[in-house]
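These notes concern the structure reproduced below.
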Amino acid sequence: MPLSKKNKLSSQTVVHWFRVDLRTSDNAALHLASLKAKRERMPLIGLYIISAKDWKRHDASNWKVNFILKNLSTLKVDLETKFSIPLIIKVAENIKDVYEILKNVVEKLDTKYLYFNQEYEVHENQRDEMVQAILDSVEVKRIHDQCIVMPGSVLTQEGNIPKVFTPFKRSWIKFVYQSPVKTFPSPEKSEVELQPLAEDYIRSNSTIPFPNHDNFLNDFVLSTEKADFFKTYYPIGEDSGLARLTEFVEKKIEKYKVTRDYPALEGTSNLSPYITNGIISSRTAFLAAFKKNNERLESGNENITTWISEIIWREFYKHILVGYPRVSKNKPFKLETDNIQWNYDEKLFKAWCDGKTGYPFVDAGMRELNTTGRMHNRLRMVVSNFLTKDLLIDWRLGERYFMQNLIDGDLSSNNGGWQWSASTGTDSQPYFRLFNPILQSKKFDKDGVYIKKYVKELRNCSGSSLHTLTAQLQSFGYPKPIVDHSTARELCLTEFKRIYNK
DNA sequence: TGTTGCTTAAC
DNA sequence: TTAAGCAAC
């Protein structure tokens, strides 16, 4: 028997809206929501809103969407079995539907408190401000969680967000020593009974859709080949992410500085899909390394501090996004670099996308991306440099292509990385960022192990020939170089000199 | 988280 | 002829 004929329930609830935080451990807003629910003797309910149009708008890749949805289903089970927290799944057909959905949810569940972790991108921020404005009967709690140090905490003496990495890093380290980083405990097991109507509502909104050719997620279907790779390479769930972290810290981090640049060695952590999509928290990742280094940031093991530096780069670019939002509005950080006459040649761009530039190291990187949804960090620098400097193609095209194909695509890091390569970003002169793609492969893939893994037609080519661009490579069916590096280099330097009147 | 070109030294 | 060191871009 229902308690009442009205839709409204007598018992109020706390809702945690999951977004880019698909985990139960070290989740700031979820933890606080759980405390609130306990104190107020209310049930805690989880919510996730699927918005395919938002994914499209932000160029989310098939890999990323599948990764999110699979992790969502593991999260749902974890929440229910370990913490007695139900998870409601809603689908927003249009971007604006999110407001109606939230109104509906808070009404059906008689929600008193709505918690979520803050997102720093411009659209997401606007949405969240709107949510706070329209849900006037609800206490909306927007919590900082996404990075270790809240954007705006690290400032120059003049009160600005530092524009250069090294001073930022120094201040960041000082801040972390002064305010030690702590993880947030997992939520309490919910003891409060749900009202029958709420239970009905939850039960009828609990299906997670997966991409298939006949549903609204058909744009995100992975080919059979990719789906197979996905299963072995991206294990699902926060336990898998945490296990990957533990293994890295135990076995690899103390060699990180010496191995990370050689893609054939797989010396990197491969944690970015988990951190970017919120499957594990950056705090937890940082603390594991920090403890391994006996809580030191500037001394101890250089391999560990180098890895921690990479986490600080992530923090840096989040700060830049918040402090200088133009970078997410199609504008370069250095505005004057918009005077560069970028090339928009479609054939050249397509050759780059397809990994058919005729430069084996570049092509290996692009083919790794196209077949696996990831790319080794060294190659990200090499291919982005090749597109923006050798081809002089607009960095925004490359940035977009990366987002559309990476499993770990993150607006701030991706944008920061691309602008770093294109010399339109936060620091340094163009000539500091001009790579020689042949020299890079000689240095970092001497025996061609990485190249041969992805550029299959060159698998019988001798190691040293891979680093020359002789006609021999074409005899294997490999494309001719689409550009001459030293000519391209001169053209690029000339163009940068032109805009700086030098 | 770079490259080139020049100088000098050592075969 | 090659390697190492260093300034300049």
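From the backbone N, Cα and C atoms, a Cβ is placed for every residue, glycine too.
Copied over from TrEMBL, here are the features:
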BINDING   A:Tyr256, A:268-272, A:Trp307, A:310-317, A:408-410  FAD binding site
DOMAIN    A:12-148  domain 'Photolyase/cryptochrome alpha/beta'
SITE      A:Trp342  site 'Electron transfer via tryptophanyl radical'
SITE      A:Trp395  site 'Electron transfer via tryptophanyl radical'
SITE      A:Trp418  site 'Electron transfer via tryptophanyl radical'
> Secondary structure at A:Asp408 (FAD binding site) (DSSP, helix/strand/coil)?
Replying inline: coil
> In angstrom units, rounded to an integer, how far apart are the Cα atoms of A:Trp307 (FAD binding site) and A:Trp418 (site 'Electron transfer via tryptophanyl radical')?
Replying inline: 20
> So what's the average pLDDT for the domain 'Photolyase/cryptochrome alpha/beta' (A:12-148)?
Replying inline: 97
>> Spatially, and counting Cα to Cα, which of the recorded sites is closest to A:Ile312 (FAD binding site)? Options: A:Trp342, A:Trp395, A:Trp418.
In response: A:Trp418
> How many other Cβ atoms are found within 10 Å of the Cβ atom of A:Trp418 (site 'Electron transfer via tryptophanyl radical'), counting all protein chains shown?
Replying inline: 25
>> Measuring Cα to Cα, how far is A:Trp342 (site 'Electron transfer via tryptophanyl radical') from A:Asp408 (FAD binding site) in Å?
In response: 27
>> I'm trying to understand the geometry here, so how far is the Cα atom of A:Asp408 (FAD binding site) from the Cα atom of A:Trp418 (site 'Electron transfer via tryptophanyl radical'), in Å to the nearest whole number?
In response: 15
> Taking the Cα atoms as reference points, how far is A:Asn270 (FAD binding site) from A:Trp418 (site 'Electron transfer via tryptophanyl radical') in Å?
Replying inline: 19
> Which residue, out of the recorded positions A:Tyr256, A:Trp307, A:Trp342, A:Trp395, shows the minimum number of other Cβ atoms inside 10 Å of its Cβ in this structure?
Replying inline: A:Trp342
